[in-house]
Amino acid sequence: MHGHGGYDSDFSDDEQGGGSSKKRKKTVEDELLLTKPFQKEKYGKVAHKQVAADLLDREEARNRRFHLIAMDAYQRHTKFVNDYILYYGGKREDFKRLGENDKTDLDVIRENHRFLWNEEDEADMTWEKRLAKKYYDKLFKEYCIADLSRYKENKFGFRWRIEKEVISGKGQFFCGNKCCDEKEGLKSWEVNFGYTEHGEKRNALVKLRLCQECSFKLNFHHRRKEIKSTKKRSKTKTESDESPHKNSRSSSSEEASQGKDEGHSSSKRSEDSRNRNAGEEDSASDSELWKGPLPETDEKSQEEEFDDYFQDLFL
């Protein structure tokens, strides 16, 4: 018995239960209609362990990627090596590079350098030869720098000048011996330089500028060819060679000038005679004007002109 006037109903609970179920259906339908196609499902419960592990792995991978990007190549290499040793074992000496066969650019140039490059040398060009050829092209090959330390053994060393030596004047305005900086009394010498390079014997004519003491060292065994300035001699020779030509040119020019003078004089004479004739004619005409009045001329009338014209036609 319930306390509402002593009345009770068996259908009251069923009606209340039916209304709540309808409300639930409406809410589910509304949620289905309002959900977007790209919207993720809502977890009303605690996430599964696998889902949580995947999220953690993804976050860790993102952090590791940012960490590796911040490193340079050497730091990444050391990190990977340390990780390999930590996870798989091994010794650190196994990862050390052997530097016995390492070569710098200077070593490559020393191995492949040539005092003079020929067309045959440029046939098969490797990257080492190209590097040596590039260095050779930057050298200045007018004067040489000499090593005269073993002049008593008749052994000399020659090399081309570099840009720094060209700017400072070493080898041209200063002595070409690498251990001498004398700049007075320099002489130019031409040396037939014989050398062996890459198993081949070659010769090259080399110019040197040396002081007196270094010239004595160069010519210790036999005298080399000295290069003297031939500008004055060449000038005197050219002047002597050109003198007969100059004389002939001067004589021909005099004859031409004489001919031109004669031509000018004759032309002047003709012009003078013409001017005289014109002046005489003008003076005659002026004198005739002042002699008296002009004679009267009878002008024919138009009829008389017609009569004369027709008379000539009918004759």
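Cβ coordinates are placed from backbone N, Cα and C, and glycine is handled just like the others.
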Task: Quickly, which of Ser9, Ser168, Ser257, Ser301 does Swiss-Prot have down as phosphoserine? Just give the residue.
output: Ser9
Message: If you check Swiss-Prot for phosphoserine, which of Ser12, Ser253, Ser287 comes up?
response: Ser12
Three-class DSSP secondary structure - Lys36 (N6-acetyllysine): coil
